[in-house]
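Novice: Heads up, here are the entries from TrEMBL:
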- Gly119, Val139, Gly140, Asp141, Phe142, Val143, Leu144: S-adenosyl-L-methionine binding site (BINDING)
- 1-233: domain 'tRNA methyltransferase TRMD/TRM10-type' (DOMAIN)
Amino acid sequence: MRIDVVTLFPAIFDGYLTQSLLHKAIVRGLVDIQRHDLRDWAQNVPHRKVDDRPFGGGPGMLIQVEPTVSCVRDIESEILSQGELPPIRKILLTPQGKRFDQRLAEDLATSERVMLLCGRYEGFDQRVHDILEPEEISVGDFVLNGGEVAAMTIIDAVVRLIPGVLGDENSHQDDSFSRGNRLLEFPQYTRPREFEGHFVPEVLLSGDHAAIAAWRAEQTQIRTRARRSDLLDEPT
Ligand code: SAM
């Protein structure tokens with residue numbers, strides 16, 4: 001999978017892409033993450049400015065349409081020049097977009113080419129949306145300073161689903177929300193067996209795999225009902 005990230009702050013990703021699972025996935029060639037500094041497409045060359053005040057007044061600045069559209073088109077033509085490839089999924093991060101969830105992560109993990117457009121300030125000029133027609137995705141009903149943390153959230157959730165990225169291929173199968181399950185994962189325990197009077201449930205020490213599976217299935221239902229009953233009520 002290749003992921004292109006368009007951002008005004010490419011360095012924000014430095015630490016994140018050089019640690020842990022993401023770093024290993026990149027080193028092993030399971031994902032190629034390319035960052036593009038939108039300022040490289042600035043029309044205003046000496047100052048590399050890509051934002052301006054909104055027509056009609058109001059606070060803040062907007063990211064301009066020309067550099068953004070040029071940048072996206074250049075990335076698309078560079079990718080197309082590599083031959084017959086599946087279409088690139090263009091995603092623009094915005095609090096006004098469709099809510100990101102595990103289902104969408106699973107869907108994106110089947111794509112070979114994804115582009116993430118990170119906004120800043122008051123966001124993008126509306127014509128970026130109209131001309132590029134990206135999928136618009138939000139990571140939640142709150143407002144971040146920029147799309148970079150949202151992009152990292154999406155990359156993190158998607159890359160771990162690429163076959164070979166997790167050490168144990170089955171380790172995300174039981175995760176909350178996974179494989180179309182509208183359920184939360186069961187409680188888990190590790191050593192020690194007892195801590196300050198809190199004991200590991202006996203069934204997990206029994207070695208009886210059928211009993212353990214039944215207990216986990218029951219706990220999954222209990223936990224979901226207690227914490228997120230809305231998930232059980234939603235149509236699948
Ligand atoms: N003025 C915009 C609005 O009210 O919809 C918010 C702009 S926000 C301060 C700047 C940028 O952060 C956005 O363009 C977007 O890329 C990103 N962003 C903020 N909150 C987000 C969220 N919940 N999900 C995805 N991206 C978000």
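All positions are counted from 1 along the displayed chain.
Keep in mind that glycine also has a Cβ here, set from the backbone N, Cα and C atoms.
Note that the structure is predicted; figures quoted are calculated from it, not measured.
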Novice: Which residues does Gly140 (S-adenosyl-L-methionine binding site) neighbour through Cβ under 8 Å, counting only same-chain ones at least six apart?
Specialist: Pro95, Arg99, Phe100
Novice: Ranked by the number of other Cβ atoms within 10 Å of their own Cβ, which of the binding-site residues Val139, Val143, Leu144 ranks first?
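Specialist: Going through Val139, Val143, Leu144 one by one, the largest Cβ count within 10 Å is at Val139.
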Novice: If I take every residue in the domain 'tRNA methyltransferase TRMD/TRM10-type' (1-233) and average their pLDDT values, what number comes out?
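Specialist: So the average pLDDT across the domain 'tRNA methyltransferase TRMD/TRM10-type' (1-233) works out to 95.
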Novice: Taking the residues Gly119, Val139, Gly140, Asp141, Phe142, Val143, Leu144, which the record names as binding S-adenosyl-L-methionine, find the longest CA to CA distance and state it in Å to the nearest whole number.
Specialist: 16
Novice: Any same-chain residues 6+ apart from Phe142 (S-adenosyl-L-methionine binding site) with CB under 8 Å of its CB? Would you list them in sequence order, or say none?
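Specialist: Residues satisfying the criterion: Pro95.
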Novice: Over all shown protein chains, what is the count of other CB atoms within 10 A of the CB belonging to Gly119 (S-adenosyl-L-methionine binding site)?
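Specialist: Neighbour count, Cβ to Cβ under the 10 Å cut-off: 24.
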Novice: Quick one: what's DSSP say for Gly140 (S-adenosyl-L-methionine binding site), helix, strand or coil?
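Specialist: Gly140 (S-adenosyl-L-methionine binding site) sits in coil per DSSP, no helix or strand.
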